[in-house]
Structure formats: C-alpha cells, structure tokens
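One structure is given here, and the rest of the page talks about it.
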Amino acid sequence: MRVRNRKGATELLEANPQYVVLNPLEAKAKWRDLFGNDNPIHVEVGSGKGAFVSGMAKQNPDINYIGIDIQKSVLSYALDKVLEAGVSNIKLLWVDGSDLTDYFEDGEIDRLYLNFSDPWPKKRHEKRRLTYKTFLDTFKRILPENGEIHFKTDNRGLFEYSLVSFSQYGMKLNGVWLDLHASDFEGNVMTEYEQKFSNKGQVIYRVEAEF
C-alpha cells in the first residue's frame, strides 16, 4: 500500500516505544519478555494501515500481535489505529519483512498472516511472491511444528499459485474459501484493501495452510 510520505511519521513512531519496537534486531528471542506474558504470538507481514492487526488485537486480547511494514508513513497510520483501539497486546515493526529470521527465533511465533500481498504477476518475479518456496522456508523456521499461515487475497492468480505452492511444499490445507464474504466464516477482520475490494463486489479468497 503506497501512500504519500506523512510529515512527522518518524517522530510519531519514535514517540511510542510501548507499541513500536525501535530496535527489532535486539528483540529476537525476547518477544514474550517484551509483551510481558506467554500468550501466543501472531504476526502479520505487510500490515498496511493497521485495520487488520489492530482489529485482531482488540478481538483477541489473549493473543499478542505484531504488525510489520517497511513504509514508515503507512506504519504511522497503523499506530493511529492501535492508539485509537486502546489495546496493549500489539507491537509494530518498521522493517523489511523479507527475512523474518532477523527478528524472530526458530519457533518463536505461533501464526503468520499474509493479507493481500503483492501478487507479482510476471513469471520473472515469481521469487518475490511471499508464498514462494524460499519464503516458506523462512516461515517454517520461525513457526512451531504444525504452525499455520492464514492467507487472504483478491487476486485469483496469486490464490491459485499459493494453493499449488503450499501443496508442493507438503503443507496441509486446513481450509480453503473461494468466496470468503459469502461463506459462513466467523470472526473475519477486514484489511483496508479487503474493504475496498469488497465494496466493489470483488471475491475474496482465503486459505489456512499448516506446515
């Protein structure tokens, strides 16, 4: 989600260390200490303006959430939502999420969310897709045995590609939704993109895949 640079974004992030982890490399293997409890840790890669991660944190107070985004302006808007929600079970990371092993120990997180990731439709960009096998290698490391990836997209091509990628990797598909919003799935929290696409009548796809 590309947005214009927000004036004061850096200062806003730095002024809220209770939510924004300013030294993420030092947090590796210490996340439960940072949260102050042993609750499960769920991570969203590419959290955008934070509607999903803040909504999930409010909906599930006994789960710790971490939202990751590389764009500081976007993350500052996510921080706005966190502050508005008044939740304490959330942290934000202003980092490139291409190698999460820089920030998480093996098996340190319990679930990973990939919501509306860049589909990188051209074949030559296949390795950039977050459901490509090298990313799955990384995700498998930081998740526990039988750890799960929950994936949503509006892009049919990326959805089909990801189903194949998960299956070829040996993952178990615990749930596949071909039209999430027309299903009986309960507890869905929408991202900004999801709300936008849904308002246009676009189908939303969802997968729960287990290592």
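Every residue, even glycine, has its Cβ placed from backbone N, Cα and C.
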Binding-site annotation, Swiss-Prot, S-adenosyl-L-methionine: partner of Asp69, Asp96, Asp118 in Glu44, Glu145, Glu148, Glu160: Glu44
Cβ-Cβ distance under 8 Å to Glu44 (S-adenosyl-L-methionine binding site), same chain, at least six residues away: Phe52, Val53, Met56, Tyr65, Ile66, Gly67, Ile68, Leu112, Tyr113, Leu114, Asn115
Helix-strand-coil residue split for the region 'Interaction with RNA' (124-129), DSSP-based: 5 helix, 0 strand, 1 coil
Entry from the recorded positions list Asp96, Asp118, Glu192, Glu194 having the most other CB atoms no farther than 10 A: Glu194
Cα-Cα distance, maximum over Lys122, Asp154, Thr191, Glu192, Tyr193, Glu194, record's substrate binders, Å: 25
Local confidence of the prediction over the region 'Interaction with RNA' (124-129), expressed as mean pLDDT: 97
Neighbouring C-beta atoms (10 Å sphere around the C-beta of Asp69 (S-adenosyl-L-methionine binding site)): 26
